[in-house]
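Just below is one structure, and these are the notes that go with it.
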Amino acid sequence: MTSAYFSHLSQLQAQTEALLAAQGYDQLLIGSGSLHTHFLDDTRYPFRPNPHFVHWACFLTQHPDCWLLVRPSQKPLLFYYTPKDFWHLTPGLPAEDWAKGFEWQAYDDFAAVRAQLGNTKTAVISEQGVEGDNLSQNPNALIQAINFDRAVKTEWEQHCLRQANYLAVKGHCAAQHGFESGHSEYEIHQAYLQAIEHNESDLPYDNIVGLNEHAAVLHYQFQRRERPAEHRTLLIDAGARFNGYAADITRTHSDGTGLFTELLEAMDRLQQQLCAQVRAGADFVSLQRHMHLLLADLLQRFDIVNASAEQQLEQGITRSFLPHGLGHLLGLQVHDVGGWQQDAQGTLKQPPEDHPFLRLTRTLEAGYVITVEPGLYFIPQLLEELKAGPGAQSVNWARVEQLLPYGGIRIEDNLCVRADGHENLTRDGFHG
């Protein structure tokens, strides 16, 4: 795929040259980011690179204090930080084929970078402040334009996202085995990491590993060491990275019996109905509303709510069982940038008032990679609010009490949008 990577660089170069010319800059300097120490300590947080840097140099995700200079009609110049340091390993200049896409300059003092900038008008995208008369730090108009373009993934980016999904699928299979073997949340989490050969700091986000009632906590942040007496449910929301690009997959597993298992199977079919509507030209806000119509029908069929779909939506009942959005853009960042952005100038389309947590309001285009992640949860806080409202009389509270110990369901796939449909990166990984 080296040729696809070089094509990716060529596309970035052309896009960036056009943006710099339109906005009056001569060149663009991008920092990889820096290491940060804990408060009142000398140990450091795990390094998380600037995504704008990784967009170009996706093989350098563990390299702080590097700089990339993008200039018209020239190869990008990569300043590779090589400090004199006997405490840590200082890697040498890369020799792989991908490195031929750049000019390289090893440095250990930022003065070498500054000398290369000269007096030309330079845009800088970096967390580190860079001072100078001709430097513009993190110019909003330029960043908005870049963010808008990032939604459409190149062939190389699609390859990386596909491989990230294939990796994450290995972890999800290991997690399912751990659940079926009666393991704890912590043990399932560790099995996941081992299967995908990631450290925790390699993950695109903290794994959500919830057994039983913990499946009702949308972003459950712990992993209990104790094995529960019963394994009714596992909800695992966990990803992987490949060359800096993220997978974001959720699966829910049950003990295989009873009402909740039937509900889980129905939710899987509902999720696939939504996936079937993903194609270029689809309006994601409309898909969000359709998700709630489908959920309302399911709640009625399973005798959880005794009201029509229209009545449930009018009274906001479905939002008590599904408070989050249908999905989001996916790429270098899990919640990739530009989800509300309607143009390169940064015009925003806010989510509708009745669905405030929707992260994507754009009309889908070929090359977008998105998540589709409907859910059904039994969250005590939201159910108490529902019980105090006008929709309470429509709810079969005995059925809700029966389902509370199972927590909830979320099923999440990663889809690459095509002109005539989509490629389901996640399902292909499970079936491949």
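Placed from the backbone N, Cα and C atoms, the Cβ positions cover glycine too.
Automated prediction, rather than curation, is the source of TrEMBL annotations.
Keep in mind that what you see is a predicted model, and the values were worked out from it rather than measured.
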For the Mn(2+) 1 site that TrEMBL assigns to His328, Glu373, Glu412, which of the candidates Asp248, Asp255, Asp268, Asp283 is also assigned?
Asp248
Taking TrEMBL at its word that Asp248, Glu412 bind Mn(2+) 2, choose the one of Asp237, Asp420 listed for that site.
Asp237
What residues, ordered by sequence, lie under 8 A Cβ-to-Cβ from His328 (Mn(2+) 1 binding site) and sit at least six positions away in the same chain?
Val334, His335, Asp336, Gly339, Arg359, Leu360, Ile370, Thr371
What other residues of the same chain, not counting Asp237, Asp248, Glu412, have a CB atom within 8 A of the CB centroid of the Mn(2+) 2 site?
Ala238, Gly239, Ile249, Thr250, Thr371, Glu373, Arg410
Write out, in the order they occur in the sequence, the residues of the chain not among Asp248, His328, Glu373, Glu412 that have a C-beta within 8 Å of the mean position of the C-beta atoms of the recorded Mn(2+) 1 site.
Asp237, Ile249, Thr250, Gly327, Leu330, Ile370, Thr371, Val372, Asp413, Asn414
